[in-house]
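Have a look at the structure below before the remarks.
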Amino acid sequence: MVTRRALHFVFKVGNRFQTVHFFRDVLGMQVLRHEEFEEGCKAACNGPYDGKWSKTMVGFGPEDDHFVAELTYNYGIGDYKLGNDFMGLTLASSQAVSNARRLEWPLSKVAEGVFETEAPGGYKFYLQDRSPSQSDPVLKVTLAVSDLQKSLNYWSNLLGMKIYEQDEEKKWALLGYADDQCKLELQGIQGAVDHSAAFGRIAFSCPQKELPDLEDLMKRESQSILTPLVSLDTPGKATVQVVILADPDGHEICFVGDEAFRELSKMDPKGSKLLDDAMAADKSDEWFATRNKPKASG
């Protein structure tokens, strides 16, 4: 029985309005929940920032059985410098391709039936012009690695992912926890992986009782633990336990206790309105404009 699930990828966003337009109107995702926070997260969910921030979960369906995007917005930060760490998110949706064309969102054809586009901030998305063969159109997240064998040892032997496909020559591998889940694609690159300021985080869930064992395993293997096991509170919602790890290239990985996360991640029918209200109330762009100052870079 599969006990681990691929949950979401965290994107830091500088322009919340444009980003929401991309995910909602171009990709066709829906707002699943929206949360506002007055101070930084204990597990650095919003990055190394300690001010006011928001989290918006968007996806093609409920978080219980869809891989979704977490859009993290730090008030006062206008952009984040991109590294070479995140290489793209691939989804199968003819609707997204047709939405992009209708809205004149830039698309470039990279293969037969596959189009590359960019979310605000420069994050790459690959849209396959076809209907998804599974219930979730999100197929894979691609991350850059500097040493494929070292990465495979980490993700497969330590984190227990199945290797679905690999090509030594092309320095490429596809991994996952289950056939019907979003996959992780590792792509070897020349040189070091640069996370810069825009670096994201990939999240998985496991039974809560496995979290201390996972942390102990990483200690024994002398692997990086960015945030030891900690409880995270969300106002008015379930408290979850998480441990934050980093792979050999420094990609951040969150493991969260599944039972509490299923409670926390329940779809909020008011999510879209909460987001729209927050965007309408966000005067940070105007505040900086009237003072002739640019927003800070991440």
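Placement of Cβ uses the backbone N, Cα and C atoms for every residue, glycine included.
Taken from Swiss-Prot as is:
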DOMAIN    5-130  domain 'VOC 1'
DOMAIN    137-258  domain 'VOC 2'
MOD_RES   Lys109  N6-succinyllysine
MOD_RES   Ser131  phosphoserine
MOD_RES   Lys273  N6-succinyllysine
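Mapped onto DSSP classes, the domain 'VOC 2' (137-258) shows 25 helix, 53 strand, 44 coil. DSSP labels the residues of the domain 'VOC 1' (5-130) in these numbers: 20 helix, 55 strand, 51 coil. When the alpha carbons of Ser131 (phosphoserine) and Lys109 (N6-succinyllysine) are compared, the span between them is 17 angstrom. A separation of roughly 35 Å, to the nearest angstrom, links the Cα atoms of Lys109 (N6-succinyllysine) and Lys273 (N6-succinyllysine).
In three-state terms derived from DSSP, Ser131 (phosphoserine) belongs to neither a helical nor a strand segment and is classed as coil. In the three-state DSSP assignment, the secondary structure recorded for Lys273 (N6-succinyllysine) is helix.
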